[in-house]
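K.L.:
Sharing a structure below in structure tokens format, with a few things to ask.
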Amino acid sequence: MGWSCIMLFLAATATGVHFQVQLQQPGAELVKPGASVKLSSKASGYTFTSYWMHWVKQRPGRGLEWIGRIDPNSGGTKYNEKFKSKATLTVDKPSSTAYMQLSSLTSEDSAVYYCAR
């Protein structure tokens, strides 16, 4: 039996029109089914701890699904019930970086993932 891979694309968006605000995510990730992956979003141009960071999923031909959000100041999280056992949100304040770990990956997890301020 051969093996397959799951493709995860990463993108970022920031609210408002302030051109210096940036959320940087690396490119695509290719992982095997059953594995875990940790996605990152590095913020710059604003006070990282002043805004919640949201994570959103979009599968081809489907609408956006809100995964959850994290308060970078306190580390407090809120999840969409659907993703509670799939996603874990964390932050690293010194580097102004938000993370989302996705576990037990399946083909259903192949999507574009956005971080959004």
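Cβ coordinates are placed from backbone N, Cα and C, and glycine is handled just like the others.
What Swiss-Prot lists as signal peptide is 1-19. Per Swiss-Prot, the feature region 'Framework-1' maps to 20-49. Under the heading region 'Complementarity-determining-1', Swiss-Prot lists 50-54. Annotation comment: Swiss-Prot describes 55-68 as region 'Framework-2'. For 69-85, the entry in Swiss-Prot reads region 'Complementarity-determining-2'. The region 'Framework-3' annotation in Swiss-Prot covers 86-117.
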K.L.:
Give me the DSSP three-state residue breakdown of the region 'Complementarity-determining-2' (69-85), ordered helix, strand, coil.
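P.N.:
Each residue of the region 'Complementarity-determining-2' (69-85) counted once, the result is 3 helix, 5 strand, 9 coil.
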K.L.:
In the same chain, who gets a Cβ under 8 Å from the region 'Complementarity-determining-1' (50-54) while lying at least 6 residues past its ends?
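P.N.:
Non-local partners: 41, 43, 66-73, 89, 91, 98, 115-117.
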K.L.:
Express the predicted model's confidence over the region 'Framework-2' (55-68) as a mean pLDDT, rounded to an integer.
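P.N.:
Overall, the region 'Framework-2' (55-68) comes to a mean pLDDT of 94.
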K.L.:
Six or more residues beyond either end and a Cβ under 8 Å away: which residues meet both conditions relative to the region 'Framework-2' (55-68)?
P.N.:
77-80, 82-83, 87, 89, 98, 100, 108, 110-116
